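Written below as structure tokens is the structure these notes are about.
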Amino acid sequence: MRLHVADHPLVAHKLTVLRDENTASPTFRLLVDELVTLLAYEATREVRVEPHAIVTPVTATVGIKLADPRPIVVPILRAGLGMLDGMTRLLPTAEVGFLGMKRDEETLEAITYANRLPDDLSGRQCFLLDPMLATGGTLVAAINYLFERGARDVTAVCLLAAPEGLKLLEDAMGDRLDLKVVVAAVDERLNEKSYIVPGLGDAGDRLYGVV
Ligand SMILES: O=P(O)(O)OC[C@H]1O[C@H](OP(=O)(O)OP(=O)(O)O)[C@H](O)[C@@H]1O
Ligand SMILES: O=c1cc[nH]c(=O)[nH]1
Ligand SMILES: [Mg+2]
């Protein structure tokens, strides 16, 4: 597993406003969108391309274009949905699949309640979106699911990660070089309810309200 932590003052600035409990949903959604667009630049560094011949007004030349099959972007509902537009802004031709997953707040077990993905992901580059990597249970289950269906490689894009969740990921699939995790920041720890500290609270609730 390869980990990339964003090191950029704009990311740090936007994260600070995002964390603030006084930041209301409309601004929170806008900031998530902006942060993902900044992270997407790094996350797509190894997107597959192929040569593409064109003619400029001056001469014939060979550039590159995204290779087929196109990447597939997979937001983990709910909170990952807030990251979808920011990601597809950079990858407008990507396909989009959906995984609905919910952490049981008592057992901390990840429960999958929705799945709209191709059964066969052979040869596909997958970009998994979820703002919060807390215990890591949700992300490990989602990544395993994509690899079991044949994904060629998986890049997980998260806003905040806890060291405990990164350790679970490392223990579960540390030797996989076809897994990359891109995060805006690694926070201090989890609290007694397994929320990220300092964190930003419940990302889904802050995006969409308490349900
Ligand atoms: O690393 P973990 O300990 O598994 O926790 C992280 C998960 O918890 C949050 O989702 P939540 O279960 O709150 O669902 P929601 O997006 O519908 O709010 C978050 O978006 C992750 O999916
Ligand atoms: O801090 C946390 C942990 C899990 N899920 C969230 O939305 N926030
Ligand atoms: Mg939630």
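Quick reminder: no glycine exception, Cβ is built from N, Cα and C everywhere.
According to TrEMBL, the protein has these features:
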{"type": "BINDING", "residues": "Arg78, Arg103, Asp130, Pro131, Met132, Leu133, Ala134, Thr135, Gly136, Gly137, Thr138, Asp202", "note": "5-phospho-alpha-D-ribose 1-diphosphate binding site"}
{"type": "BINDING", "residues": "Ile196, Gly201, Asp202, Ala203", "note": "uracil binding site"}
{"type": "DOMAIN", "residues": "5-209", "note": "domain 'Phosphoribosyltransferase'"}
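Considering only the binding-site residues Arg78, Met132, Ala134, Asp202 (uracil binding site) has Met132 as its nearest partner by CA-CA distance. Here Arg78 (5-phospho-alpha-D-ribose 1-diphosphate binding site) is compared against the binding-site residues Ile196, Gly201, Ala203, and the shortest C-alpha distance is to Ala203. Residue pairs drawn from Arg78, Arg103, Asp130, Pro131, Met132, Leu133, Ala134, Thr135, Gly136, Gly137, Thr138, Asp202, the listed 5-phospho-alpha-D-ribose 1-diphosphate binders, are separated by up to 17 Å at the Cα level.
Put simply, Ala203 is the one of the binding-site residues Ile196, Gly201, Ala203 whose Cα lies nearest to the Cα of Asp130 (5-phospho-alpha-D-ribose 1-diphosphate binding site). Averaged over the domain 'Phosphoribosyltransferase' (5-209), the predicted model has a pLDDT of 97. Taking the Cβ of Gly201 (uracil binding site) as centre and 10 Å as the limit, one finds 14 other Cβ atoms among all the protein chains shown. Cβ neighbour count within 10 Å across all protein chains ranks Asp130 highest among the binding-site residues Asp130, Asp202. It is 7 Å from the Cα atom of Ala203 (uracil binding site) to that of Met132 (5-phospho-alpha-D-ribose 1-diphosphate binding site). Taking a Cβ cut-off of under 6 Å from any atom of ligand 2, the binding-site residues Asp130, Ala134, Gly136, Thr138, Asp202 reduce to Ala134, Asp202.
Asp202 are the binding-site residues among Asp130, Met132, Thr138, Ile196, Asp202 whose C-beta comes within less than 6 Å of an atom of ligand 3, given in sequence order.
In this structure, the binding-site residues that sit close to ligand 1, with a C-beta under 6 angstroms from any of its atoms, are Arg78, Asp130, Gly136, chosen from Arg78, Asp130, Gly136, Gly201.
Secondary structure from DSSP puts Met132 (5-phospho-alpha-D-ribose 1-diphosphate binding site) in a beta strand. Within 8 Å of the centroid defined by the CB atoms of Ile196, Gly201, Asp202, Ala203, the record's uracil site, lie the Cβ atoms of Pro131, Met132, Leu160, Tyr195, Gly199, Leu200, Gly204, Asp205, Arg206, excluding the listed residues themselves.
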